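Structure, as structure tokens:
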Amino acid sequence: MTAQEIMDAKALAASKSHSEAERRRRERINNHLAKLRSLLPNTTKTDKASLLAEVIQHVKELKRQTTLIAETSPVPTEIDELTVDNAPDEDGKPVIKASICCEDRSDLLPDLIKTLKSLRLRTLKAEITTLGGRVKNVLFITGEDNNDHESINGGENDEHQQHHHQSITSIQEALKAVMEKSNDESASGSVKRQRTNLNILEHRSL
């Protein structure tokens with residue numbers, strides 16, 4: 001073969017190799033797009049741009065739903081969290097909902113009981129979930145007597161509303177101290193447990 005023929009043969013081989021690589025690349029892309037299309041419910045998009053836009057929108061919606069489920073689910077997360085809000089019952093009686101998510105430890109429940117008693121509060125309902133060394137306590141609490149009910153509920157005038165805000169703040173600060181209490185010995189000795197749901201209905205203090 002002449003030098004020119006050799007060069008032409010190499011160029012042809014390179015062209016074929018490039019074409020084969022491009023074919024495989026397009027095949028991979030089409031396979032990925034087919035997988036994405038199969039994940040979307042009732043999609044009618046055929047072009048790549050529209051399909052990708054729909055996939056992005058679908059992922060955002062799934063993320064929104066996941067966030068919503070996480071906010072309403074009793075399953076403990078990896079983040080320490082505390083919320084204290086009003087949650088009046090069906091009769092309009094004053095009830096406060098406190099949600100505490102933190103590391104599980106042996107003295108957590110006794111600390112919560114002690115704290116609630118010091119604030120003259122009693123537990124109407126408690127939902128406790130443990131998972132992998134984490135625990136989430138959702139407590140529905142109210143005052144021990146009618147006077148405490150009035151303090152928690154507040155009232156119509158500004159003085160009562162201010163007192164009510166102070167009561168919420170006091171409860172939040174007290175529970176935050178319990179949540180943040182360090183217990184290295186209990187944490188290091190904690191055992192990973194399967195998820196346990198306890199729904200405790202009661203009309204007395206913990």
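Just so you know, glycine gets a Cβ as well, placed from its N, Cα and C.
Heads up, TrEMBL stuff is auto-annotated, nobody curated it.
As the structure is a computational prediction, the values presented were derived from the model and not from experiment.
The stretch that TrEMBL tags with region 'Disordered', taken from the ranges 1-25, 51-75, is 1-25. With DSSP classes pooled into helix, strand and coil, the tally for the region 'Disordered' (1-25) is 23 helix, 0 strand, 2 coil.
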